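Colleague: Take this structure, written in structure tokens, and hold onto it; I'll ask about it next.
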Amino acid sequence: MGFLKPNFEKEGKGVSKDTPEKTGFALFVDTLIREFWNLIKLNFLFLLFSIPIITIPASFAALTNVSMKIARQQHIFVFYDFKESFKKNWKQSSLLGIIFLLLFSLITISLIFYSNASSNNNLLYVPLFICIFINLLLAFSFIYSFPLLTTVKLSLKDIFKNSFLLSIISLKNTLIAIALAIIIFSISIFLLPFTIFIIFTLSFSLIAFANSFFSWPGIQQYVIKN
């Protein structure tokens, strides 16, 4: 074994049968502490596989796949699970990523336009608020899209439909996931350059884990069981 060389093939600790059952945020914190090193390895793999830029959606799908297994308290082999998910989901995840990119870009451009134009015409506040609402719905749906893609075999159409429905039905968890993502992202960006180390070691995998952990209950209850 190499000195200070991460072992990506090492199986995750999982959960001992004698471990007292925890739920909610207590389980989230407990899992985060237990799988901390695996999350660091995941963050590194995500950045490494995202270097070509066009592979970012597939890399994010692989990151989500392993994060979902961690959230579901399953045993993991970090590198193997990441690599297999990357190969298996690259096509569908790339299409999903492109669609979300186009939608978010279109809405953002519209927001900028109506925001500037509304200063001269109060009627334009109506489409401005509509764009804000649509952007929120997209963000809500995004929380569930990649977890669904990597957990359940669905068409892109069904992924979008179920993502939207789950984001509303499980609104509490949706808001928690978004709040955590905003907090982690904001700290990582606004405290630069002091957070460069955190960005390279934990930021992306921590967001993915929080997203996976709080999206899984809705997926399990309303998609898996049905």
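Glycine is no exception: its Cβ is also placed from the backbone N, Cα and C atoms.
Annotated transmembrane segment per TrEMBL: 44-63, 95-117, 123-144, 164-190, 196-216, in sequence order.
Help me picture where these features are in the structure shown.
Modeller: Nonlocal intrachain contacts for the transmembrane segment (123-144), taken as residues 6+ away from its ends with a CB within less than 8 angstroms of a stretch CB, comprise 100, 103-104, 107-108, 110-111, 114-115, 117, 160, 162-164, 166-168, 174, 177-178, 211, 214-215, 218-219.
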Colleague: At a threshold of under 8 Å on Cβ distances, which of 44-63, 95-117, 196-216 pairs most often with the transmembrane segment (164-190)?
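Modeller: It is 196-216, which has the most Cβ pairs under 8 Å.
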